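According to Swiss-Prot:
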type: MOD_RES; residues: M1; note: N-acetylmethionine
type: COILED; residues: 28-55; note: coiled coil
type: MOD_RES; residues: S122; note: phosphoserine
type: MOD_RES; residues: S222; note: phosphoserine
type: MOD_RES; residues: T385; note: phosphothreonine
type: MOD_RES; residues: R471; note: omega-N-methylarginine
type: MOD_RES; residues: S473; note: phosphoserine
type: MOD_RES; residues: S488; note: phosphoserine
type: DOMAIN; residues: 498-691; note: domain 'DH'
type: MOD_RES; residues: Y554; note: phosphotyrosine
type: MOD_RES; residues: Y644; note: phosphotyrosine
type: MOD_RES; residues: T693; note: phosphothreonine
type: DOMAIN; residues: 893-1020; note: domain 'C2'
type: MOD_RES; residues: S894; note: phosphoserine
type: DOMAIN; residues: 1054-1248; note: domain 'Rho-GAP'
type: MOD_RES; residues: S1264; note: phosphoserine
Amino acid sequence: MVDPVGFAEAWKAQFPDSEPPRMELRSVGDIEQELERCKASIRRLEQEVNQERFRMIYLQTLLAKEKKSYDRQRWGFRRAAQAPDGASEPRASASRPQPAPADGADPPPAEEPEARPDGEGSPGKARPGTARRPGAAASGERDDRGPPASVAALRSNFERIRKGHGQPGADAEKPFYVNVEFHHERGLVKVNDKEVSDRISSLGSQAMQMERKKSQHGAGSSVGDASRPPYRGRSSESSCGVDGDYEDAELNPRFLKDNLIDANGGSRPPWPPLEYQPYQSIYVGGMMEGEGKGPLLRSQSTSEQEKRLTWPRRSYSPRSFEDCGGGYTPDCSSNENLTSSEEDFSSGQSSRVSPSPTTYRMFRDKSRSPSQNSQQSFDSSSPPTPQCHKRHRHCPVVVSEATIVGVRKTGQIWPNDGEGAFHGDADGSFGTPPGYGCAADRAEEQRRHQDGLPYIDDSPSSSPHLSSKGRGSRDALVSGALESTKASELDLEKGLEMRKWVLSGILASEETYLSHLEALLLPMKPLKAAATTSQPVLTSQQIETIFFKVPELYEIHKEFYDGLFPRVQQWSHQQRVGDLFQKLASQLGVYRAFVDNYGVAMEMAEKCCQANAQFAEISENLRARSNKDAKDPTTKNSLETLLYKPVDRVTRSTLVLHDLLKHTPASHPDHPLLQDALRISQNFLSSINEEITPRRQSMTVKKGEHRQLLKDSFMVELVEGARKLRHVFLFTDLLLCTKLKKQSGGKTQQYDCKWYIPLTDLSFQMVDELEAVPNIPLVPDEELDALKIKISQIKNDIQREKRANKGSKATERLKKKLSEQESLLLLMSPSMAFRVHSRNGKSYTFLISSDYERAEWRENIREQQKKCFRSFSLTSVELQMLTNSCVKLQTVHSIPLTINKEDDESPGLYGFLNVIVHSATGFKQSSNLYCTLEVDSFGYFVNKAKTRVYRDTAEPNWNEEFEIELEGSQTLRILCYEKCYNKTKIPKEDGESTDRLMGKGQVQLDPQALQDRDWQRTVIAMNGIEVKLSVKFNSREFSLKRMPSRKQTGVFGVKIAVVTKRERSKVPYIVRQCVEEIERRGMEEVGIYRVSGVATDIQALKAAFDVNNKDVSVMMSEMDVNAIAGTLKLYFRELPEPLFTDEFYPNFAEGIALSDPVAKESCMLNLLLSLPEANLLTFLFLLDHLKRVAEKEAVNKMSLHNLATVFGPTLLRPSEKESKLPANPSQPITMTDSWSLEVMSQVQVLLYFLQLEAIPAPDSKRQSILFSTEV
């Protein structure tokens, strides 16, 4: 059973007074049946509404005619102030209208109209003799500004005033029936059988003369004039305040349609000025035959005219220039007389201009809501104008037409069934071309049509969705998905105009596509020619694979373009193009072959690029022709981009046909051909997508919920022993592994899919399945440390360049080098395996540096797997489109490198973080528990410390302190584990850890909060478990300084010569004791000297050595070996002067920088032997110990380089007086750079001595002195 999710809630929100209907939707078939019933119900109800509206308007009009009680204010009349000649005149107000008064009530007074600037208020503007009273300013002087308004504009002003913004006149009369008369020379002469003033009559005479001049000009003008730009603001040819488009008969086809078309379709020569009747009567209420036409030849008798009364269209756009020609709307057709429910159905097919109810079918104009009225702009593309239906077929009417580039062209009107009927465009903009692909109504239009559309992969449409730019939502509904059987002639005309625009868009798109195919073919011919030579770039087989079916596709579309281009150029509405689309659809089999080969072609192209630098250069620089308007005649494209073009093209084939069919009348000869082409295209896409309906369900996790991205990050994949950087995306139904393609200048990111696994097929491998899996190749620590040193050095160079204000080229070069080194470090450092297994038998291994991240990925995948129930497979097209979408969906936009950080981002903390892990609560049962600590360093997380295991408890109290070195760190993570001594207790995932992760959490290291160097307590919550911590931070500028000795007793902080003299020994006792204990039981301890010891144990040992406690050896035997190693490091760190002394430290730094190996060895050995005796012997003793530790590297993972990294700064770091650090610690970048330089030097000095095979002993004389003399 299909659950209509959200339907009831949405229904109640929309219709709170009614209960939602019950729908039994058990299958897709039930949904389709319910949809058909809904459509049928809407058609029936719309038919009934149209019929009732027909009857209502007829009765309203009949009642108005009988009572002669039209609202005068609605028709623009006010009680005018007495003119000098005493005549009563109609005048217009430009102010906001008030609601119509009730019957018998006097309307409120009116203000005098004010002159308004261009483009303000009513589009019609004030017109001499019509829109202004004679006494208004400058009303009599308008003759010098241009010809007076046309009669059509004069009459349409009444409607403008009705919808204007004026206040009713002070002494306006009650509404009454209006009848006006005009003479062919004198213009308006009577209103309700009362003569008008001489001034009105003279202005009317001027208007009639102007009409005749324009008619003669229009009959003889060239078609080319129609290409003039649409009127904006005040006309350059006429300053009378009337829309220039309406003044020019040729420029404005709407003027022709509204005013020059006879309702009876009889023969009528255009603009015959000498055959007018002396007087004509205008029936305002019912719009008699002469209405809306201006002075025309009347070949019918009065009785014939009365037989065909028409109800005019209503002008709903009070702020549009295009309303200037709009006719009169009687009160009966106003939306104000409809209830809200009636207005909801005012978008039906009946909403059109209609002839008399006794002769023609009734139509009503489209409705707009008041809010839409208020927002209608001068560019409104919905100019409603009254139109009669027929004209003589020999009277050519030229219309302005918008193409996709906004150029006005000319075209002939489509004659319907040979009757020469003119079909008015109710929506298409003639004054302003509608936007090509305008999105104003696009979403609404797509929603209306989605029921009829087949499933297409979600990709942007290449075909235009043409819709009027300023069209209101009520206009948009008329072109809805439910095609009414009563399609009006106006809709037919609109569709045919749209059809030309759609075809123009297809033609432009086809031209671009051909240029891309040409760019693909361009290198193919020379490559084929070179394949037969002794030095081929590619083999013939490789060329055939990469460019498979590209020549055939080019020929198919070249033939299609060559056939379509002349037909669009010689356009008429009778033009047929359906055969071209039908033939194109019949050749889609070539695309089938191309799509099937696409994945192989891409893989082959990538391999060839890697193997052949010449081909790689060619594939990245393919030139395709640009648009004519582009500055550069060609654009650079990669081979991968161009090979995807046909795949993208074929997925959009049905969208183009849908648009074309939507605007092709069913009676047009092209309609069946286009339908056949659409059917072929739909079947083709369905066959490619392999039973597309089940896949759509599998591609959604829940009903109505589409695939979404849950998590993504950069990870290292182990492929045949090699490390590869990948960007991994976790979607709601699959795991996708991609490779970030190399980017050339200015190009956007692109991804290449390596593999994917549906979540229903994914599992995590167990250790039993991994017996044959090889060990993970680990990178030696010294290599990683060397990379870190290089990175620090490059960062220092970048800062030096910035401070020196040198050119950006050097800085950019260094930044590029830094990015390469950081990327290499990120690639080489992870060593923790994260393996996923597919049901088809394939396994994939990722390397992660943090168990926290590994656990997070597992949790997210397992949580999502609970919602996935069905396996599926993606076609190459779907996979490519999904991969392309990753660019927009990704949340991690760049590799986590410090070079990618913004300048204003925090550089992180450098120094030492002391962490005390106190206790944890929230465990449900007693277990053996321990915690580990991770911090981020150089863009990735590493494990830094581990507590002891607290056995058999649900509330462990560790109270252990750790000192963690921070290198640009921003986050501290803690993970809590249950130690599993029974190996079979839990599955050994990844063949790595046998311990169970109980919880994980993290805390941000805020520099502001940690700067006071005081202990701060915090609680980290994780899965119901709470761990209590205390943290304290010592920044690098403080930790680098050695404090001078303030005491002469004890061991720590006392000069080494003083200690050895007091102890009468060559090497301090603390050094000998710690080394002996470590060599006894710590040589195979993983990470010895690198893993932090428990701080409390270290402090206890420190106190014992300081007071010369005789039980110190007993204490050491009971303590963790890492605490003993920590105590030894602490002793050397707290020496008031480094073991290599402040005096010789600069010399050691200079000696290690020598390039000549012989000179370096001589210098370094001489410096070493120049150290004070206690320092030298202690160092040699320690050096031998460290070399023995490194011999166990295979077990303890401590190489010579690792040991040098740990002890270098400890043994050589200068004291405060010799530190090269700046005195001002408020410069973190400078401090960090100085530290990096010193650390590099210190590590290299110690590493040099560790790597020397033998260090010569001091000479015998000195030896005897050193070992015999008591100090």
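Including glycine, each Cβ sits where the backbone N, Cα and C put it.
Summarised as a single figure, the pLDDT of the domain 'C2' (893-1020) averages 79.
If you take the Cα of S894 (phosphoserine) and the Cα of Y554 (phosphotyrosine), they are about 38 angstrom apart, rounded to a whole number. Counting every protein chain shown, 19 other Cβ atoms lie within 10 Å of the Cβ of Y644 (phosphotyrosine). Here the C-alpha separation of Y554 (phosphotyrosine) and Y644 (phosphotyrosine) works out to 14 Å. One residue stands out among the modified residues Y554, S894 for having the most other Cβ atoms within 10 Å of its Cβ: Y554. In this structure, Y554 (phosphotyrosine) is part of a helix by DSSP.
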